[in-house]
Amino acid sequence: QLLGGQRQPRSFWTFEYYQSFFDVDTQQVLERIKGSVMPLPGKNFVRHHLRNNPDLYGPFWICATLALAVALSGNLSHLVEKRTSPTYHYSPQIHNVTIAATLIFCYVGLVPLALWGFLRWRRSPGSPPGPYSFLETVCAYGYSLSAYVPSAVLWLVPVSWLQWLVLAVAALLSAAVLAITFWPPARADSWATALAVVATVVSLHTLLAIGCKVPMGGALGGSVSPPHDPHPIFPSPH
């Protein structure tokens, strides 16, 4: 019931139950990626692009690609920055890919769950179910991260202001799409609720971008080795 939305109910233990969440083609995925970075007034992402057929294929691969892009870009940009230092010893920390993946997948899973639950809780008693299912909410959030993938790749350019500018543009575009998408169901409650929901959505989306840029940019590099002293004070006993 949580994931099914408007799909025909299937047994939880059948392969068809999970297969239905990946029933999309390349053209649909590309159309949804394009819609997730083009915030047009009146163009609701769920209504105009999902059309009651949300998927998990696009969000999964977008999150996986973003995790790899963040990890590799942070590693390589740190290498480019420190390559001229004689005390720098390159040692890639592959385990940080897991950190990036955990951060991104938890965001795409937990934040939509909290938003979906809040909108259902604020629904008036006796009113029909909310306009978006949980799967549609997750799908919208997953596709919204597609704008961060090219920005993470451009972090390889060793210009700090350009890196932050690209990140700001990506965050603005994707956050605007989410704001346009979730304004109507939040507005059904009250103006105060709608403003609070949109502000929270935009803030968390921006914090994710900063969280990927700041810690990963410095944590995925190598290590600095202590300088080697060619004339030690205490000679070797051998």
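Keep in mind that glycine also has a Cβ here, set from the backbone N, Cα and C atoms.
Predicted automatically and left uncurated, TrEMBL annotations should be read as such.
Listed in TrEMBL for this protein:
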- 37-208: domain 'Yip1' (DOMAIN)
- 56-76: transmembrane segment (TRANSMEM)
- 97-118: transmembrane segment (TRANSMEM)
- 138-157: transmembrane segment (TRANSMEM)
- 164-184: transmembrane segment (TRANSMEM)
- 190-210: transmembrane segment (TRANSMEM)
Which residues, given as numbers and ranges, are at least 6 beyond the ends of the transmembrane segment (164-184) yet have a Cβ under 8 Å from it?
35-41, 43-46, 115, 119, 131-132, 140-141, 144-148, 150-151, 154-155, 194, 197-198, 201-202, 205-206, 209-210, 213
Maximum Cβ pairs under 8 Å to the transmembrane segment (138-157) - stretch from the list 56-76, 97-118, 190-210:
56-76
In this predicted model, what is the average pLDDT of the domain 'Yip1' (37-208)?
85
